Amino acid sequence: MRQTIFKRLFLTYGITLIIGFGILALLLLQLFNQYFIETKKQLLMDQGKKIRQEIVLGLYTGQLDQKKLFDDLQILDKFLNARIWLVDSQGVIFGVSGPHEEKYLGKKIDGKQLLPLFQGKSIFEKGTFGGKLEEPSLTVGYPIFWKNLFKGGILIHASLPEVQKTFADIYRLTVWAILLSGLIAYGILYIQIRKISQPLKEISEAAKIIADGEFQKRLSIETGDEIEELGKSFNHMAESLEKIEENRRNLVANISHDLRTPMTSIRGFIEGIVDGTIPQEEHQHYLNVVLEESKRLIKMTNDLLELSNIQQGQVEVRKQAFELHETIRRKLISFEKLITEKNLGVTLILYADQVRVFADPLFVERILSNLLDNAVKFTPEKGNIVIRTSDDHERVRVEIENSGVNISDAEVKKIWERFHKGDSSRGKYKTGFGLGLAIVKEMVGRMEERIWAESGQGKLKVIFTVQKA
């Protein structure tokens with residue numbers, strides 16, 4: 001049978017409470033027992049001293065007769081709830097504190113029992129006093145000396161069951177208080193464990209729902225502790241999964257669209273050539289179109305594979321020192337034909353003739369190629385492109401800015417996504433941002449650098465950093 005966390009916690013803490021309260025009850029029993037016995041012992045010893053003084057002053061000086069002495073002993077018997085014996089120097093009992101003790105009169109106590117008294121010492125023991133008593137008792141004894149002569153002693157016996165009965169009621173009340181506290185503690189424990197287990201149960205059920213593909217599920221846990229943090233983390237995970245699922249669907253839709261368009265064109269042209277719809281003299285032209293579309297498909301496939309390899313860490317970053325500004329100049333020259341065809345104005349602003357950086361040169365060249373390709377592609381004819389570098393402490397900041405682009409702040413954040421297009425209809429920016437910027441972002445991230453974009457006043461600026469050598 002599966003044990004829930006509620007059952008495990010409740011049983012564990014419950015057993016701990018029972019053991020704890022049980023130990024407390026046993027300790028209190030022992031403490032009460034010792035306390036009352038010590039208290040009774042001290043009371044008997046104090047009264048024993050007073051009785052001895054009265055006997056010495058009264059009985060042996062003739063100021064107190066035996067009848068008056070025995071009457072006083074009966075009063076003390078009731079006050080102390082203890083039996084009082086008077087013994088002579090031979091150990092014979094000659095006085096008791098009440099009629100119920102008269103059976104002990106004339107009986108002799110073993111000398112070993114009274115040896116401490118003979119030696120002038122007091123007696124304290126627990127038991128039946130050598131079998132003389134019918135039940136276990138506390139016995140206190142004091143010697144009586146008169147004119148340096150041993151005259152006998154005083155023995156006071158307090159029944160142990162009677163002493164224990166005295167604190168039994170208090171102990172019983174204490175035990176009931178412990179039991180009541182235990183019940184209250186159990187109630188509080190139940191509530192607290194429910195507060196812990198219920199949110200965990202909700203998280204478990206929500207996880208099952210999300211596992212079934214319903215990523216819209218959210219939790220509302222307000223416990224003010226780590227479980228609430230867990231709930232927030234769960235919601236964050238669900239939001240991320242929902243976004244991933246949305247991106248996946250968009251990716252499939254975008255790939256389908258980008259594949260369908262060239263494939264449809266290729267199929268149409270080939271069918272036209274095969275069935276004779278396209279004249280013989282135009283075959284070469286349309287075969288060239290088919291070739292270009294095929295190249296476009298191959299490039300998209302290669303870009304997808306490259307992006308996937310970078311994201312999975314299969315492309316090794318090989319950093320080394322190299323000259324950055326020369327790399328920028330060479331890469332800009334490679335776009336000279338496209339720039340000339342669109343009659344674009346290009347401004348190159350380098351903060352120094354040379355600057356050495358520490359990065360992967362192949363990554364940097366690919367980043368520059370993709371960014372310049374986008375800049376040329378989206379800059380209208382007779383527009384302007386600015387490539388600028390600046391000193392940024394331990395890094396070099398590279399900026400590529402192009403005119404003729406109006407993108408909202410929300411759209412700027414999305415340009416790094418795979419197959420993202422400048423407009424959702426995929427009409428005006430048919431070629432879109434594609435995979436180029438997604439690859440750029442991954443490459444910059446693998447080099448542990450930063451990249452971001454800024455838009456405004458009809459311009460788009462992309463900035464990335466490179467570590468100085």
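Each residue, glycine too, has its Cβ placed from N, Cα and C.
Non-local neighbours of the transmembrane segment (9-32) in the same chain are 167, 170-171, 174-175, 178-179, 181-182, 185-186, 189-190, 193, 196-197; each lies 6+ residues outside the stretch with a CB under 8 Å from one of its CB atoms. Annotation source TrEMBL lists transmembrane segment at 9-32 (among others).
Counting same-chain residues at least six beyond the ends of the transmembrane segment (170-191), those with a Cβ under 8 angstroms from any Cβ of the stretch are 10, 13-14, 17-18, 21, 24-25, 28-29, 32. If you look up TrEMBL, you'll see 170-191 (among others) marked as transmembrane segment.
Per TrEMBL, the feature domain 'HAMP' maps to 194-246. For the domain 'HAMP' (194-246), the DSSP counts in helix, strand and coil order read 39 helix, 0 strand, 14 coil.
Residues or ranges marked as domain 'Histidine kinase' by TrEMBL: 254-469.
Across all of the domain 'Histidine kinase' (254-469), the predicted model scores a mean pLDDT of 84.
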